[in-house]
């Protein structure tokens, strides 16, 4: 992304560009070119992998019930990063279209350079805030990530806000100055980007994102963490929030929140009431990322909330000040809108109550004693070829088969490495019946979402969902460096019914694997050197 000379000049004077342009808006039927290009997002130029040529990628939007037809074209060539690609539409259930879910070697083979693949899926019963990203190797850390919003013309919260459009979408990202495959974890980002703009350490001139508001109006802000690693504490000076959505699921309005802790891949919608004196206010994003030497290694992310009529200058408040929260968002205080209780477990179903024990043994993560290694044949293709049991499905020990139309509970103790990990389940949202920072179980009205932090030492998280969507669904840590080190399993839901449920599978899907397998080794997915995964500090 190039900035004009006048933008840089104004930034040097502490002048904000109130005409800040949002990324392009496309969809629901569109082409999406995946390219290599140089970007300068924080004062440091580097080559990146970009969707639509921008970071973040263009906002893909549609309405509840729409058919999305997104034709992804792979124009990648820079072999310091992956040149094959896949796209995951994070939070979309993909009912009957598991083949379009995106994770490499779970539901498809990667798209080879010079080739295209049409992702064709509908969202009949979903609306909310989602995102999309590469789901192979560490590619999304190199730039392939963007927002995805499904609007609901009959939104039950519609009377709470006046504005909800592309100008109210905020993405939070970590950014690195070298290719992800070369980074040695724990990965200290060089900067935090808000809507694709930020400043590296000691930089005071790179342009910042500006969110424009008008006094007296109410805005639905859609906050998306497209983070590859750290979680963030998000605040806006002088303003509180009313939370109305978590991960594409409506919540009872929760007012008075002054800080949102948001983990990689999570999303929140909140109402911002522009009721403060006309001025400019800092939007602050503090990364919870501690370097290997035990000191904070990444500068805070900054953007500007600009009221119409305020002078075009930086906010007067100290930009380096760390806000003190009085009423931070706590997950257990969120409740699903219209909740009617959580289904009971079937005591006769042994495979319906699963405990996943997470451990780390340099350089790999293990789930119940097994580290995830991608198979050479996608799990979906294995099922379509007649493998239906956990014993038959690869990778060995990492596939759990689940019966259909059952309530499943997954129990996840926290504390591995002493840090919180965001766990994401594909194909479903789930009820968080016990949150990481709570010792209470809520079976009446827990929040529903698709990505949950399992917390630190002593935490215990439990989730429940119903197996009403046959297919192999990835469950993994959304810290991408941890996924690359084996922090994942596959939940194979009702494998025997998958061939009849997941259809029609397009002929182009069948061609992905032969084309990928014919690629030379240097064009297949880059694997981080084992040494790059061996330096996580035990805390």
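A Cβ is built for glycine as well, from the same backbone N, Cα and C atoms used for every other residue.
Database features, via Swiss-Prot:
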BINDING   90, 133, 478  Cu cation 2 binding site
BINDING   135, 426, 476  Cu cation 3 binding site
BINDING   421, 477, 482  Cu cation 4 binding site
DISULFID  109-513  disulfide bond
DISULFID  141-228  disulfide bond
DOMAIN    37-154  domain 'Plastocyanin-like 1'
DOMAIN    166-309  domain 'Plastocyanin-like 2'
CARBOHYD  78  N-linked glycosylation site
CARBOHYD  120  N-linked glycosylation site
CARBOHYD  202  N-linked glycosylation site
CARBOHYD  233  N-linked glycosylation site
CARBOHYD  240  N-linked glycosylation site
CARBOHYD  293  N-linked glycosylation site
CARBOHYD  318  N-linked glycosylation site
CARBOHYD  353  N-linked glycosylation site
CARBOHYD  385  N-linked glycosylation site
CARBOHYD  405  N-linked glycosylation site
CARBOHYD  457  N-linked glycosylation site
CARBOHYD  532  N-linked glycosylation site
SIGNAL    1-21  signal peptide
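Structure coloured by features recorded in Swiss-Prot.
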| residue | record | CB count, 10 Å |
| --- | --- | --- |
| 109 | disulfide bond | 24 |
| 135 | Cu cation 3 binding site | 28 |
| 233 | N-linked glycosylation site | 19 |
| 240 | N-linked glycosylation site | 18 |
| 318 | N-linked glycosylation site | 8 |
| 405 | N-linked glycosylation site | 9 |
| 457 | N-linked glycosylation site | 12 |
| 477 | Cu cation 4 binding site | 25 |
| 482 | Cu cation 4 binding site | 26 |
| 513 | disulfide bond | 17 |
## Note on the structure
For residue 109 (disulfide bond), the closest of the recorded positions by C-alpha position, picking from 228, 353, 426, 478, 482, is 426
### Query
Tally of helix, strand and coil residues over the domain 'Plastocyanin-like 1' (37-154) according to DSSP?
7 helix, 54 strand, 57 coil
### Summary
Rounding to whole Å, the Cα atoms of residue 353 (N-linked glycosylation site) and residue 135 (Cu cation 3 binding site) are apart by 28
### Task
Taking the Cβ of residue 141 (disulfide bond) as the reference point, list residues of the same chain whose Cβ is under 8 angstroms away and which are at least six residues distant in sequence.
174, 176, 180, 183, 228, 229, 480, 481
#### Entry: Cβ-based neighbourhood (8 Å from the centroid) of the Cu cation 4 site, residues 421, 477, 482 excluded
358, 365, 416, 422, 423, 476, 478, 479, 483, 487
### Query
For the recorded Cu cation 2 site formed by 90, 133, 478, which further same-chain residues have Cβ atoms within 8 Å of the site's Cβ center?
88, 131, 132, 135, 140, 145, 226, 264, 265, 424, 451
### Task
Could you list the residues of the same chain, at least six apart in sequence, whose Cβ is under 8 A from the Cβ of residue 120 (N-linked glycosylation site)?
67, 68, 69, 70, 97, 100, 506
### Query
Should any of the recorded positions 78, 135, 233, 476 have a Cα within 10 Å of the Cα of residue 385 (N-linked glycosylation site), which are they?
none
### Task
Could you name the residues, excluding 135, 426, 476, of the same chain that surround the Cu cation 3 site, i.e. Cβ within 8 Å of the Cβ centre of those residues, in sequence order?
88, 101, 102, 103, 106, 424, 474, 475, 483, 488
### Query
How far is it from residue 318 (N-linked glycosylation site) to residue 202 (N-linked glycosylation site), counting Cα to Cα, in Å?
15
## Note on the structure
Here the Cα-Cα span from residue 426 (Cu cation 3 binding site) to residue 90 (Cu cation 2 binding site), rounded to a whole number of angstrom, reaches 8
### Query
In terms of DSSP three-state secondary structure, what is the assignment for residue 457 (N-linked glycosylation site)?
coil
### Query
Hey, which of the glycosylation sites 78, 202, 353 is the loneliest by Cβ count within 10 Å?
202
### Query
Where does residue 482 (Cu cation 4 binding site) sit in the DSSP three-state scheme?
helix
### Task
Could you check what DSSP calls residue 405 (N-linked glycosylation site) once collapsed to helix, strand or coil?
coil
### Summary
Taking every residue in the domain 'Plastocyanin-like 1' (37-154), the average pLDDT works out to 98
